[in-house]
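Q: Once you've had a glance at the structure underneath, I'll fire off some questions.
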Amino acid sequence: RMFHDDELEESEKFYVGQPRVLLLIYALYNTLVARSEMVCYFVIILNHMISASMITLVLPILIFLWAMLSVPRPSKRFWMTAIVYTEVAIVIKYFFQFGFFPWNKHVDYTKDKPYHPPNIIGIEKKEGYVHYDLVQLLALFFHRSILKCHGLWDEDEKGDSSSNKGDTDDELSLTGGRRDSSASLKSVNLAASVESIHVHFPEQQTAIRRKSSSSISQLSHRSSFSSHRSKREQILDTFKNINHTTLSFYFLQCKLCVIKSHRGLCCFRTLQVYVPIRQFFYNLIHPDYSAVTDVYVLMFLADTVDFIIIVFGFWAFGKHSAAADITSSLSEDQVPEAFLVMVLIQFGTMVVDRALYLKKTVMGKVIFQVILVFGIHFWMFFILPGVTERKFSQNTVAQLWYFVKCVYFGLSAYQIRCGYPTRVLGNFLTKSYNYVNLFLFQGFRLVPFLTELRAVMDWVWTDTTLSLSSWICVEDIYAHIFILKCWRESEKRYPQPRGQKKKKVVKYGMGGMIIVLLICIVWFPLLFMSLIKSVAGITNKPLDVSITITLGGYQPIFTMSAQQNQLKSLDPNEFNEFLKSYSGNTAALQFLEGYAREDITRADLEGNSNSLWTISPPSRKKMIEGLRDLKADFTLVISWSIQRTLEEVYPYYIKAPSDSLAKPIKQLLKGCQWENITVSLVKNTSEEWWVLNQLGKRYKTDKKSLELFIFSDKVSPPSLGFLAGYGIMGLYASVVLVIGKFVREFFSGISHSIMFEELPNVDRILKLCTDIFLVRETGELELEEDLYAKLIFLYRSPETMIKWTREKT
């Protein structure tokens, strides 16, 4: 060894010999130290998610538009800004906790109002108002201590002091590529008439090679003879390496400073703020060194997660929709406005992000980042609380969506800072040839319209000479060849010896799974409709049972309804006795097997009509004449009180299915005959009404009343109602037949694709497709046409395809 130390050896042995739990703690602490700035970002975002006020809004915006865009790391000025701002926020919140402020006298009334000014600003009185602010300040000081420990805290100040030692350009040196705009200023003294004005100028954008010591001494010797040069010559020498645009801005600064006016001073202060910001973004868009990377896949996954959150939690983004269900809303042909707006915005941002990625424009990405950061924060913390009428801190789904969007902002800032890749070749799932990539790629292609939309967008925003049909043809060939390549690689990894039969694990594993899948598809509607109501069904008990009787089309003689206490369920003993009464009736027992005790409701209806019988004298006379007619279709007993027996007219057992049509249950009626009731007209001095009584009641036989048993069918849950509503035949037509068509296409027509499927070696074809992508990215459009023509010729010529797909020797 070149270096050996016994103490270090002993220390390493001691460390390795520690328990695994302690080693895990050490590793977690080292991870925390290595990513302490990410801890600060997380705590700041978490504080803003919980507080959701204007005070906590500033730092998250600065994170996404300043800190994460700084190269190579956020400057000391940002961390000092965050620390000071957090301290000031804590003091402001503490000051407004006193009870003498008017808005602190009715805290319970105003604490849940999203647009209450103290709630928006963040100065409302509440318990634990600074807990997260103190945690945030602690995280910032922890990161500050780590930077100090590694000598990175004063790095910017050292760079500034080293650049200010001389007045010439020869002593400037940039050692770290791009520099933060806040640390790239040097001072130059200008003489203006009587006073000396202090003006700042940005450093030159390209790194200057450090001079040798001899040349430096010569320059120092020369500078001793030129100490009496005029101030004008010094300024011109300093401006040599400054771009023209920035130079014009600073000349304007000088002129404004000379003017002794308040307006000139204001403009000067404005330029002092504007120019560093402009220079910061200029350096970001035009970097000296670019470590390109590609995190588009991660950004797309973050957007996809947000899209899923919107679909399954859309009620959190609308008003009065906390108990809504997207499936029930869509089944009723109702599209919630909040759901539609959020989906369109999310999908639109994904399309724009894809376009920027294909065009590789960093400037467009910066502009899109700025617009998106301000727009999302304005929507989530100022518009959404008013739409939902609840604070952002009380909306869990919106908080989750915002947190995922913050992850997207961080990835987007990292993409801007590093720059877009120079070449985009193929799908990210086609980088490796294994089973995972194969199944993920096939699943990606199964998503409706996703493959087509991606192909069209790539064609629109990529420079190419191919037509849309030719582009789609290349994409389809590439996808097909990639799938074949994955299968060929799997055959190489798991070779099958010649002359040996397939193993039972393969046959029963793959074949058995396909058999079970096909059987499930064929019998899916029957199983679904059977299980959806027997296992997951919900009992739908009646709320109101009404009876109305009319004779001969005249005014109804009897109207009665049963509600609430008059609707009773059977207890276990009554239910068992009810079943025993049909012990010898096979049809009735078969019907009762589909119903449980809680599905049966007994309705007790009063025998006295709840309304007076209001009939005109002519109609009454005509009705009496009809009742006295012996040739009528019903039997009756006539007396002056007009009492008659209605035979086999009362159903007694009624089935209430899931639809609105109630039907009598003939299986439970003796001899399939309905029950008998008596109808009597009771007359008072000047009023009269009808009284009905059922003859064969099970309960309350001594009271004039009607008894009715209702059997309620179970209904499917609301989340599956849209599927169960099709019925058995509808499911067979819409599910089984459609899936069967795709399965039939897989098993039939294989002979026509043998020349394109059975390719022993696809490396040459895959390389040809990759070459097309490569020359397209490099701008060789004529070569792209030639390679595409070669690919088409290859698929038109089976003999050439055989030569190209032979195994390599």
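Even glycines carry a Cβ here, placed using N, Cα and C.
Pulled the feature table from TrEMBL, pasting it below:
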| type | residues | note |
| --- | --- | --- |
| DOMAIN | 293-530 | domain 'Piezo THU9 and anchor' |
| DOMAIN | 645-807 | domain 'Piezo non-specific cation channel cap' |
| REGION | 155-180 | region 'Disordered' |
| TRANSMEM | 14-32 | transmembrane segment |
| TRANSMEM | 39-66 | transmembrane segment |
| TRANSMEM | 78-96 | transmembrane segment |
| TRANSMEM | 295-318 | transmembrane segment |
| TRANSMEM | 338-357 | transmembrane segment |
| TRANSMEM | 366-388 | transmembrane segment |
| TRANSMEM | 400-420 | transmembrane segment |
| TRANSMEM | 432-448 | transmembrane segment |
| TRANSMEM | 468-487 | transmembrane segment |
| TRANSMEM | 508-532 | transmembrane segment |
| TRANSMEM | 720-743 | transmembrane segment |
Q: For the transmembrane segment (366-388), could you work out the same-chain residues 6 or more beyond its ends whose Cβ comes under 8 Å from its Cβ atoms?
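A: Residues packing against the transmembrane segment (366-388) from afar: 52, 57, 60-61, 64-65, 114-115, 120, 281, 284-285, 316-319, 338, 349, 352-353, 356, 395, 398, 402, 405, 409, 412-413, 416.
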Q: Which one of these stretches, 14-32, 39-66, 78-96, has the most C-beta pairs shorter than 8 Å to the transmembrane segment (400-420)?
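A: By the under-8 Å Cβ criterion, the transmembrane segment (400-420) pairs most with 39-66.
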Q: By a Cβ-Cβ criterion of under 8 Å, what residues six or more beyond either terminus of the transmembrane segment (295-318) are in contact with it?
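A: Apart from its flanks, the transmembrane segment (295-318) reaches 324, 326, 336-339, 341-343, 346-347, 349-350, 353, 357, 384, 387-388, 395-398, 400-401, 404-405, 407-408, 411-412, 414-415, 428.
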Q: Taking the domain 'Piezo THU9 and anchor' (293-530) alone, what is its mean pLDDT?
A: 85
